[in-house]
Amino acid sequence: MSQNASVGIVTPQKIPFEMPLVLENGKTLPRFDLMIETYGELNAEKNNAVLICHALSGNHHVAGRHSAEDKYTGWWDNMVGPGKPIDTERFFVVGLNNLGGCDGSSGPLSINPETGREYGADFPVVTVKDWVKSQAALTDYLGIGQWAAVVGGSLGGMQALQWTISYPERVRHALVIASAPKLSTQNIAFNDVARQAILTDPDFNEGHYRSRNTVPARGLRIARMMGHITYLAEDGLGKKFGRDLRSNGYQYGYGVEFEVESYLRYQGDKFVGRFDANTYLLMTKALDYFDPAADFGNSLTRAVQDVQAKFFVASFSTDWRFAPERSHELVKALIAAQKSVQYIEVKSAHGHDAFLMEDEAYMRAVAAYMNNVYKECQQ
């Protein structure tokens, strides 16, 4: 399906919101910006809009290229575009960079209007609820009364679920992919180790590293390297790299010897070049705090009791970060609450990252579901 046409050259838009946003922690952003991209056309009935919510390291650039010279397309270009599962010839698709991000939306790199300086570590901790609240403001700005679908993988899937709970009347369908109704203890532990790598980097400077012309590159690199391991499946990693060495024989030192070591260093270095450490801290805390059942006596069934959306839930067989059993929890709760849900477990060797990759069964399942969403738009 990815051989079909791309959305082409796209231009991001920064949308200013000159209004306060009260956050879940009680703090208030006096104003905020959201960076977005849109693909396709909103129909006259305004009932064909689809919101794409990104995962930890994602952003608004879902599909296409920003210039003809761009080496890479958007992070979900195989999913979003003409003739693709989320078809931009049928749907008006919106991608955004969440609050706390580092790609144009208000976050640690933004100017604090109260001080005239970058927020840095002073940018408040944000939650999935806060993101959805800001996305609702964007929905109003775009003149959309109800999303045909809210779609997301991993942390993005958590946002899709929260949308159905916070604004049940504004979502017709939720596609929750490779996600979970809350993080496991192990995942919280992984996130804390990643944060400690950043927080203990001597160049972190209590989060105000940019004002001191430093970057906690070592900590962010290690955080990404460890995170990247958890996104991959052991078998897939073994088949790709095995125990292959970069040169003939062991070097009997502590440099890079195995191909897998070289790969992880490359991924870490690349990440440091495009991502902000404070944003990484914020995103992982949003993951940790997400637990919609906590507001309903720790009952996920009660949490989804009032949702009006129909659900598509997908998991991947080798995803051990967000294992299929976590999706089963959501599916069981939806069934217990007598909600409409379709579920698929995709056999894949790619672990958690499979939701970003082109798997025929996965793509066909999403395409079939979105085809039915489109048919509803025509009624």
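Here the Cβ of each residue, glycine as well, is placed from N, Cα and C on the backbone.
Marked as active site, nucleophile by Swiss-Prot: Ser154. Listed in sequence order, the residues of the same chain lying 6 or more apart from Ser154 (active site, nucleophile) and placing their CB within less than 8 Å of its CB are Ala55, Leu56, Ile177, Ala178, Ser179, Phe322, His352, Phe355. Secondary structure at Ser154 (active site, nucleophile), taken from DSSP and collapsed to helix, strand or coil, is coil.
With a cut-off of 8 Å between CB atoms and residues at least 6 apart in sequence, the same chain places Ala178, Ala233, Ser348, Gly351, His352, Ala354 near Asp319 (active site), listed in sequence order. Marked as active site by Swiss-Prot on the basis of sequence analysis: Asp319 (among others).
Neighbours of His352 (active site), defined as other CB atoms within 10 A of its CB across all chains, total 25. The secondary structure of His352 (active site), as reduced to three states from DSSP, is helical. If you look up Swiss-Prot, you'll see His352 (among others) marked as active site, on the strength of sequence analysis.
On its own chain, Asp353 (substrate binding site) has Tyr231, Leu232 as residues at least 6 apart in sequence with a Cβ closer than 8 Å to its own Cβ. Annotation source Swiss-Prot lists substrate binding site at Arg224, Asp353, citing sequence analysis.
Sequence annotations record features per position, and here Swiss-Prot assigns domain 'AB hydrolase-1' to 48-357.
Under 8 Å, Cβ to Cβ, and six or more positions away along its own chain, Arg321 (site 'Important for acyl-CoA specificity') finds Asn187, Phe190, Thr230, Tyr231, Gly351, His352. Swiss-Prot lists Arg321 with the feature site 'Important for acyl-CoA specificity'.
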Stretch-averaged pLDDT - the domain 'AB hydrolase-1' (48-357): 97
